[in-house]
Amino acid sequence: MNTDNFALSAKIVSPSYVRQGLQARRGHEQLVRILLDQGKCPEEGWSESTTELFLNELAVMDSNNFLGNCGVGEREGRVASNLVARRHYRLIHGIGRSGDIAAVQPKAAGSSLLNKLTNSVMLDVLKFTGVRSVSSCFVVPMATGMSLTLCFLTLRHQRPRARYILWPRIDQKSCFKSMVTAGFEPVVIENVLEGDELRTDLETVEKKIEELGAENILCVHSTTSCFAPRVPDRLEELAVMCAKHKIPHIVNNAYGVQSSKCMHLIQQGARVGRIDAFVQSLDKNFMVPVGGAVIAGFDEGFIKEISKMYPGRASASPSLDVLITLLTLGARGYKKLLSERKELYGHLAQELKTLAERHGERLLHTPHNPISLAMSLGTLQAHCETAVPQLGSMLFTRQVSGARAVPLDMEQVVSGHTFRGFMSHSDSYPCPYLNAASAIGITKEDVELTIRRLDKCLKTIKKESNAEKNEIMKNVALLQFIVRIVMGQSFSPL
């Protein structure tokens, strides 16, 4: 409905009523105008009606939705199922062109505008969450692991002689496989134990640079968000080291956007040293379906080179999902979620600490990890060797998802490399433990239900273990009794 159509409507319906409708329409259009003008996340979230109106306006700009369009190409935005078409708001052409994921499509002005706006809004979000000097970013329809691979493949053209990637150990398979898939040899830097925390071994990183030669190292691949008792890498020191030796630095910031501490580390690392790109997951940070990531950095030219490395067009689904989410939440709504997460981190820590002490365990002291917590399970394992994996299984079957029961001495082969003590980020962490995280979207009810169910599981395992031990003792006594009879020895009644 444009102004002319509203004028014609006034001939059919009372002009005063039409004027009200026109004013309401202009209210929606004003929000869209501000978005197009500023390219930032709106301070207040949009209503669903505004968001849907905007998406429908974008869709009619794509050729597959033109009235009277006839296509004779191999890709014309044809969709067999109306349900699928509605699921994607009829934005069918995807993003990018065959040579560049950031390129504009002549047949899809609406989808191209969606792509550009999503990247612009995401850049604004990265800035107000803590990385204020970030200069460029783009949403890519791949999860974190493959997005890291894309970064490494881009660096290959800049450093053709390089074959190694220095990687402070984190026991997450996709991180390791991202380097192997790109054709490089990961050099695993074991963490050092400081108190309960596992931290970056800077001395070993420096030695490996000298041993292998800076020109043979593609990059340092560091990590922010991780499972306790590992904590974020010493990004500032690594960034200074990379700048000193002229080695690129790629940061895996998987679910770090939700943490002001992780984002501050990236900002400081870029300020004092070198960070070429940092990669974060869409689903873990923005509560959208799995399948997208954001690649960001401080050199617009380098980030553009990464986007050009992506072969072919790409799905617009991750971009569409995250744009809808951010428009609906607004900056204020997203910041509120971040604040609630941080507050519940303290609540979860206190509840875990109380529970741990009640069962003869302790909450591991990991102050440098702002998202994940760990509770020792040494006393539990003393009751029964299989108690730790049993606890993990019991929690899962009782609908406690995300908790990780980490035993000792577990081995795992990943792409030909054997990790001892896998899941614990260390060859020999001192004790088994249970992980729990306060991630974005967590509620107080989540915390309280988890604590109650964990308490019941611990009591059940100990009860079953004690019953089993009592049964074994009875069987041993009975066996001794039988042996004495057979041997004709005197005995005392049981």
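Quick reminder: no glycine exception, Cβ is built from N, Cα and C everywhere.
No curator has checked TrEMBL annotations; they are predicted automatically.
These numbers come from a predicted model, not from an experiment.
Some features that TrEMBL has for this protein:
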type    : residues             : note
BINDING : R75                  : pyridoxal 5'-phosphate binding site
BINDING : R97, S98, Q105, R313 : substrate binding site
BINDING : R271, R398, K463     : tRNA binding site
MOD_RES : K284                 : N6-(pyridoxal phosphate)lysine
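Distribution of TrEMBL features across the structure.
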{"residue": "R75", "record": "pyridoxal 5'-phosphate binding site", "CB count, 10 Å": "12"}
{"residue": "R97", "record": "substrate binding site", "CB count, 10 Å": "18"}
{"residue": "S98", "record": "substrate binding site", "CB count, 10 Å": "9"}
{"residue": "Q105", "record": "substrate binding site", "CB count, 10 Å": "18"}
{"residue": "R271", "record": "tRNA binding site", "CB count, 10 Å": "13"}
{"residue": "K284", "record": "N6-(pyridoxal phosphate)lysine", "CB count, 10 Å": "22"}
{"residue": "R313", "record": "substrate binding site", "CB count, 10 Å": "21"}
{"residue": "R398", "record": "tRNA binding site", "CB count, 10 Å": "15"}
{"residue": "K463", "record": "tRNA binding site", "CB count, 10 Å": "11"}
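Rounded to the nearest whole angstrom, the C-alpha distance between R313 (substrate binding site) and K463 (tRNA binding site) is 58. Spatial neighbours are here defined as Cα atoms within 10 angstroms of one another, and by that definition K463 (tRNA binding site) has no neighbours among the recorded positions R75, R97, S98, Q105, K284.
Between the alpha carbons (Cα) of R271 (tRNA binding site) and Q105 (substrate binding site) lies a span of roughly 36 Å. Taking R97, S98, Q105, R398 as the binding-site residues under consideration, the smallest Cα distance to the residue listed as 'N6-(pyridoxal phosphate)lysine' is found for R398. Pairwise Cα distances among R271, R398, K463, the recorded tRNA-binding residues, top out at 55 Å. The separation of R75 (pyridoxal 5'-phosphate binding site) from Q105 (substrate binding site), Cα to Cα, is 12 Å.
Highlighted in sequence order, G94, I95, G96, G99, D100, A103, G312 have their Cβ within 8 Å of the centre of the Cβ atoms of R97, S98, Q105, R313, the residues recorded for substrate, and are not part of that set.
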